[in-house]
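Visitor: In case it helps, Swiss-Prot gives these features for our protein:
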type	residues	note
TRANSMEM	4-24	transmembrane segment
TRANSMEM	28-48	transmembrane segment
TRANSMEM	53-73	transmembrane segment
TRANSMEM	87-107	transmembrane segment
TRANSMEM	109-129	transmembrane segment
TRANSMEM	141-161	transmembrane segment
TRANSMEM	173-193	transmembrane segment
TRANSMEM	245-265	transmembrane segment
TRANSMEM	272-294	transmembrane segment
TRANSMEM	306-326	transmembrane segment
TRANSMEM	330-350	transmembrane segment
TRANSMEM	373-393	transmembrane segment
Amino acid sequence: MLKYLFMIIFLIPICLLGNCWWLVHSLIFLLSFIFMISLYSYSDLSMISYYFGVDFYSFMLILLSLWICCLMITASSSIYSSSYHPNFFVFVVLLLLIMLFCSFSSLNLFSFYIFFESSLVPTLFLILGWGYQPERLQAGVYLMFYTLVASLPLLLVLFSINDLFNTLYYPLLIDFGSFYFLFYVFSIFAFLVKMPIFLFHLWLPKAHVEAPISGSMILAGILLKLGGYGIFRMMKVISCLGLSFNYFVLSLSLFGGVIISFVCFRQVDLKSLIAYSSVAHMSLVICGLMTMNWWGCMGSLSLMIGHGISSSGLFCLSNIIYELLGSRSLLINKGMINLMPSMTIWWFLLSSSNMASPPSLNLLGEFSLLNSIISWSSYMILLLIFLSFFSAVYTLYMYSYSQHGLYYSGVYTCSLGYFREYHLLFLHWFPLNLLCLKGEYFYF
């Protein structure tokens, strides 16, 4: 594990070079391909070295982090062309990648907590440094307060786990039985806010709307998945309590997902719509993890990977339109098929992947999550029907409203898009649909 970490760390001095943008980009791509072929054990921890090691769950999420960070650099080439501190931007992306790499590969719960929290700092830098509106300061405050206040109780829980077991080394931890209810709440509350669960989701649309494209991609692609990964790890310690209390979180998130789907119908801001749809998808992931069965955990992994790639691609599409027309409003970005006909196919492909139509990885994830939630309680089937149906409705609403109809009369001319943009969208769509063909990787 350390060899990959050191390769990322030694990319940082390259940022001091005058023209490092595409060099760092190519080297992270190379690293992701080397890392891809390195896993040799599906079920056990492998590549263990000095409190770092991966199992299959963290391996897939590290791979997703490397992939999304490459695509962030590709998508943000307007920073490179305008020479708005491109070297510092690459440095922040590398710093964020190091934090994410260490979070997903930490075998000590305390070091996981430290890296989990410190991944907020580079994200805040991205929002404050390269965001668009002055309101980005408020979005940054929302982001910090929601996530930091929610995760302080988790620190107390880690100290008490250390008291009980005299270690925080993950493979040595066991379930400590029926402790008390607050212990359970504090353990998972930080991760539920990060996901985010309904009622604590207000920071997410705010952060997305104010963030640059790179910030939106990393938020939707990886940082929400940190919450799911944290719940998966903590379930080992609180599974006995989970049997008693999981029904409450599961019901809240599923009911919240349906309400958020209704909120999506009311959105006219493209970014805001995609951000709210992330909350609806993550509610399914929370439910899968809370059922604590094999279908649920593996389904939530495949939906996290699928959603990370597809929503990142949708944010790229909204940014392409924003850079061309200077607006994210659906009232102005309508009838785009008349102006950018070849971009419409990418809108369709990524929208269909986002609503879990075949052959995307989201379909595998949603099937297994439906399986696990209905096996947990057959009464949930009504809410699941609503959630699946409405997710298709608001995605099709976004696609048809933005692509079809008359174009806005104030738009006189529009570029068809650059090769870089089509290449970027292909690199989102291709792994998303390729992984569906190898679904057995997720259900070993």
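Quick reminder: no glycine exception, Cβ is built from N, Cα and C everywhere.
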Visitor: Considering only Cβ pairs within less than 8 angstroms, which of the stretches 4-24, 53-73, 141-161, 272-294, 330-350 has the most against the transmembrane segment (373-393)?
Guide: 272-294
Visitor: Residues of the same chain, at least six outside the transmembrane segment (306-326), with any C-beta under 8 angstroms of its C-beta?
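Guide: Hits for the transmembrane segment (306-326): 64, 67-68, 71, 75, 78, 208, 213, 216-217, 220-222, 224-225, 270-271, 274, 277-278, 281-282, 285, 332-333, 336, 340, 343, 346-347, 350-351, 353-354, 356, 360-362, 364-365, 402, 411, 414-415, 417, 421, 424-425, 428-429, 431-432, 435.
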Visitor: Please identify the stretch among 87-107, 109-129, 141-161, 245-265, 272-294 with the greatest number of Cβ pairs below 8 Å relative to the transmembrane segment (53-73).
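Guide: Highest pair count goes to 87-107.
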Visitor: Would you kindly check 28-48, 173-193, 245-265, 272-294 and say which stretch has the most C-beta pairs under 8 angstroms to the transmembrane segment (87-107)?
Guide: 28-48
Visitor: Which residues of the same chain, at least 6 past either end of the transmembrane segment (28-48), have a Cβ under 8 Å from a Cβ in it?
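Guide: 1, 4, 7-8, 11, 54-56, 59, 62-63, 66-67, 69-70, 73, 97, 107, 171, 444.
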